Amino acid sequence: MTEIKISKTEKKLRHYITKAIADYKLIEKGDKVMLCLSGGKDSFGLLKVLHGLIEDKTYDIDLHVYTLDQSQPGWDDSQLRKYLDNLGVSYEIETKNTYGVVIDKVPEGKTYCSLCSRLRRGNIYRYAKEHKMDKIILGHHRDDLIESLLMSILYQGQIKSMPPKFITQDGENTVIRPMVLVQERDLIEFAKEENFPIIPCNLCGSQENLKRKKVKKLIQDLAHENPKVPSNILNSLSNVLPSHLMDRDLLNIIQN
């Protein structure tokens, strides 16, 4: 059997993805999993790596790819379909006009991301339940977690981010994020190497003053002065000292 050569970048991605899966017990043998492929570099990178890990028998799972066509102007998934066909994975591209809902409900000048993501998430959860998926796989990476933590603190007054694994409020779906240790720059490099047929999000990309972009710039500026800043922020998510916070419920538990 001929050994398939993989790049240094893919090896690095494999290392951090398998580490996260092991550390947080994200995948079990025989799981029926649904990978959400948005058409962006992150989910493409995760799909390529996870498919390779299944092919070389690292994981014994049933992988299904789900893409939601939100009826945005200019959406063209022909190359995405070709890529998935060539990869040989089970997939479905489902069309729902969430774009029309967003345009109708969001006032001019406001960002679409919040409502758009809620509608997308609702369709993902529905599809997963209808098809009895054990896990929903999302492509959020280390930088997403870091930015989300700061956004929650700065704009919502909450300390929260994106956990590696969580169960939805109704208890029906388990969501996992195998790339919580992966840096975005490695996914950018991998996308260049693999030449993924990326579908840009014109809806969000046209809105320049998004909060996430501001936070990303803030982190980059801080990292320029101290390169350890991003990893320190990430490490803070697993190094919580409740006794040094102001949550009265937590303090009552600790003190009693």
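Every residue gets a Cβ built from N, Cα and C, even glycine.
Keep in mind that this is a model prediction, so the values were computed, not measured.
Noted in Swiss-Prot for the protein shown:
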BINDING   Cys113, Cys116, Cys204  [4Fe-4S] cluster binding site
MOTIF     38-43  motif 'PP-loop motif'
For the motif 'PP-loop motif' (38-43), what's the mean pLDDT in this predicted model?
96
Its residues classified by DSSP, the motif 'PP-loop motif' (38-43) shows 3 helix, 0 strand, 3 coil
DSSP, reduced to three states, assigns Cys113 ([4Fe-4S] cluster binding site) to helix
